[in-house]
Amino acid sequence: MALIMEPVSKWSPSQVVDWMKGLDDCLQQYIKNFEREKISGDQLLRITHQELEDLGVSRIGHQELILEAVDLLCALNYGLETENLKTLSHKLNASAKNLQNFITGRRRSGHYDGRTSRKLPNDFLTSVVDLIGAAKSLLAWLDRSPFAAVTDYSVTRNNVIQLCLELTTIVQQDCTVYETENKILHVCKTLSGVCDHIISLSSDPLVSQSAHLEVIQLANIKPSEGLGMYIKSTYDGLHVITGTTENSPADRCKKIHAGDEVIQVNHQTVVGWQLKNLVNALREDPSGVILTLKKRPQSMLTSAPALLKNMRWKPLALQPLIPRSPTSSVATPSSTISTPTKRDSSALQDLYIPPPPAEPYIPRDEKGNLPCEDLRGHMVGKPVHKGSESPNSFLDQEYRKRFNIVEEDTVLYCYEYEKGRSSSQGRRESTPTYGKLRPISMPVEYNWVGDYEDPNKMKRDSRRENSLLRYMSNEKIAQEEYMFQRNSKKDTGKKSKKKGDKSNSPAHYSLLPSLQMDALRQDIMGTPVPETTLYHTFQQSSLQHKSKKKNKGAISGKSKRRISCKDLGRGDCEGWLWKKKDAKSYFSQKWKKYWFVLKDASLYWYINEEDEKAEGFISLPEFKIDRASECRKKYAFKACHPKIKSFYFAAEHLDDMNRWLNRINMLTAGYAERERIKQEQDYWSESDKEEADTPSTPKQDSPPPPYDTYPRPPSMSCASPYVEAKHSRLSSTETSQSQSSHEEFRQEVTGSSAVSPIRKTASQRRSWQDLIETPLTSSGLHYLQTLPLEDSVFSDSAAISPEHRRQSTLPTQKCHLQDHYGPYPLAESERMQVLNGNGGKPRSFTLPRDSGFNHCCLNTPVSACDPQDDIQPPEVEEEEEEEEEEAAGENVGEKNENREEKLGDSLQDLYRALEEASLSPLGEHRISTKMEYKLSFIKRCNDPVMNEKLHRLRILKSTLKAREGEVAIIDKVLDNPDLTSKEFQQWKQMYLDLFLDICQSTTSNDPLSISSEVDVLTSSLTHTHSYIETHV
């Protein structure tokens, strides 16, 4: 501003006096006082009511007039470089919240009398005035171009005006202060919401651009011509240009546009002046005038003027002002605007906005004729103006010059004027295409920059109710139309050949949002387009994306999980995490360990690091990541989505959890808007095999998926190069014990506990169909091999019953025999892997190698198969699930570290099998490890009646155990011969619930003495210690 005009703070006393000469007539009497006191510009900006009174301005109204004009100077001096729509919205939002805080603070005070008083305090009214002042500053921007021409900003302006009027009405109502405050609180909250909406439009360049000053010189002014500007003055002294007369000096300079604010005339600041004084200053020098204009943001194009500029009338979003009778200071314009409206044309005054023409702007060629015959047919019956008669004829040459400035791929925003035209009329010929459409104001959320297309804007394009049209050449449209068709066929999985481009494209635009597809169909079918004005856009990238979205049904089956961990590559963060499964039943295992990989704001999890397909994935930008305090699992966090589902994860250590949370939040912050998924099925995907997680479901007899969960020889496992990097803990499949589900097989540990499971190759992995087709062995069992056929070991054993054959083939029934008797002996290379002493469920799909063992199993006493043997004994306390899993995992690792392979006879195998099955040589059930306790608790029978009885028995045993503990507590007191009153009082306070239960059970045995016993109990709790001793 220093290069254009001198700051107000550096004004001399003479400049202050010159400025005051243009103020209201009633203030001219005080100029001599200002001149006598030599008030400088800095003093003027800081002047107060008291100083004005010292200068002889005694009337409050005169003081307010001066202070309002000074406020305008302060805004010009201090806020020019920082003032924009966003900062003004912040100020209004702050004023509204300050008023809310003021009201809530008054109500918290002890001397609040708002329910009885009807007089608002002065400081309250001051806050209301400040709020309205902040709203006026915002409205000063919204009430003029370019914001007034945008529907969204126009609606916002009307809302702010309505709320301010409501606020002034509420203050003047006759009601209690409490009622007034409630109404004002509602208004303030609504205003805050409006401001937040404006602030949220940060992508709109009009919101964040500040105003700037520009000096314009108009010379060679003819006395009969005038300047040709239309100016509207606000009541507080702002002068806004609303339009120009065509072919006038203001029009020819091409620098004066609607919405510009006049700051200086011939280097004399006119802010706060009366309108007549401004007009006199403009006419002071007949040869020319130098104007300093404050120009608000118009567009992002700095290389050429914005297409919005040089509008001749008030925007359509605002109602035109009806000119009143001119005053003595109003001059008649030297040239009038011919407006082909239904009203009679009349000479409009310089200081008012002319009404808009009925027809939209139609560009013309050099001869002043319309360039297209279609437009002649369209405008039949209406007057057509040529040359300078057109209200915007200056745009004809300028628009032709400006058209080639923007590159071919630039998005141009145009105004579609053609109404009711058929598709044959709307198709483009080989004629020049520059004169079809007239660009007007940029809609909200869009900018004029063509080199860079923000992905956020591309995403919003598909959701806007009004789309935008890109105006392009014939060849470009044909090319993009072909790409649209090719991509549509590509997405449906069909091949298409390139078609030859035709000279006349069947359609010159395409509607992007689904809301506008009806209009497109009508254009293609040849039906007239509805008489509505639409904004359209044509973007090649968005068009292809739309095509993919429409045809997604054909490729939706292809999941993002079909990528191996190796092909996924190294992620931004990876490691072992626990994942909580959906609880299918009370007895199902809730947490399972997976290998997680964070890649490009997507989280994948695999069974191990060599898995060929992800077990699941989620798109993190769609989810909210936070700590999961509601989980009992330590170091748990969650990914929540209000409309889909929530996922729960847990880390081993606090540092791991913090590392994952930091990485996820850092990655999703950048992808939250750019990579948002369009379809809900892309938010997440998970393996379907977890659906059959409970034996009570109809899928309980279905075989598990052919994943690698079978044991393998030590030579193969120990040579595995895939070792978990950070923790020497069991891998996900090693620590995830098999529950009552059929698909969760336990990964057997063969070497060190740090060895990760190995993904089986296709030759080593066999499906259940292959197993069914496998020939039976001599024992009548399918041998479920985990190695190639030549490495498998078959044994000759006696045949068993079909029931036992089924139990050895399908894992769902394995709890009836092998959980009690132990696993069948395996081949020599595999035997020691299963017999690992971890208390987990033995494997049920291997072949018995000793017929004597079968005979023993078939002749075992019935008590060994009693389901009650599976019940958890009362002497072992129930612990949290996660603690048991960790303890069991450590126990498994310790027992497998020094495991040695030994060859033994059938008797040794039988003894070890009984030991692993937690059975004594006599067939009695014997508990060995903590995991065994847990497994025995979750074992279930297919008979629901038996399950209910077992559950009842567990309840009784748990109750008995609790009672035994209570009896032990009571015996401790009764067995103390030196018990004192103080000790008993302490004991009673510590076990008050137990004491009350004892008293209640005692009184229930004798109904006749209930009242007396209750009285004694009550008095025993309240009286002295001596009475308590007597009562005991």
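Glycine residues also receive a Cβ, built from the backbone N, Cα and C atoms like all the rest.
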Item to check | Selected residue, Swiss-Prot feature phosphoserine, from candidates Ser117, Ser328, Ser541, Ser685 | outcome: Ser685
Checklist outcome for this item: In Swiss-Prot, the entry for phosphoserine among Ser95, Ser863, Ser906 points to Ser906
Next on the checklist: Where Swiss-Prot marks phosphoserine, which residue is it, choosing among Ser338, Ser547, Ser696?
Outcome noted: Ser338
Checklist outcome for this item: phosphotyrosine per Swiss-Prot, picking from Tyr112, Tyr683, Tyr707, lands on Tyr683
Item to check | Record feature phosphoserine (Swiss-Prot), assigned residue among Ser248, Ser390, Ser505 | outcome: Ser390
Item to check | In Swiss-Prot, the member of Ser334, Ser346, Ser629, Ser687 to which phosphoserine is assigned | outcome: Ser687
Next on the checklist: Summarise the domain 'PDZ' (215-297) as counts of helix, strand and coil residues per DSSP.
Outcome noted: 12 helix, 31 strand, 40 coil
Next on the checklist: Can you tell me the CA-to-CA distance separating Ser906 (phosphoserine) and Ser12 (phosphoserine), as a whole number of Å?
Outcome noted: 115
Checklist entry - What is the average pLDDT across the domain 'CRIC' (84-178)? => result 86
Checklist entry - For Ser906 (phosphoserine), what is the tally of other C-beta atoms lying within 10 angstroms of its C-beta? => result 14
Checklist entry - Of the residues in the domain 'PH' (570-669), how many are helix, strand and coil by DSSP? => result 19 helix, 40 strand, 41 coil
Checklist outcome for this item: In the three-state DSSP scheme, Ser12 (phosphoserine) belongs to coil
Checklist outcome for this item: One finds that other Cβ atoms within 10 Å of the Cβ of Ser12 (phosphoserine) number exactly 12
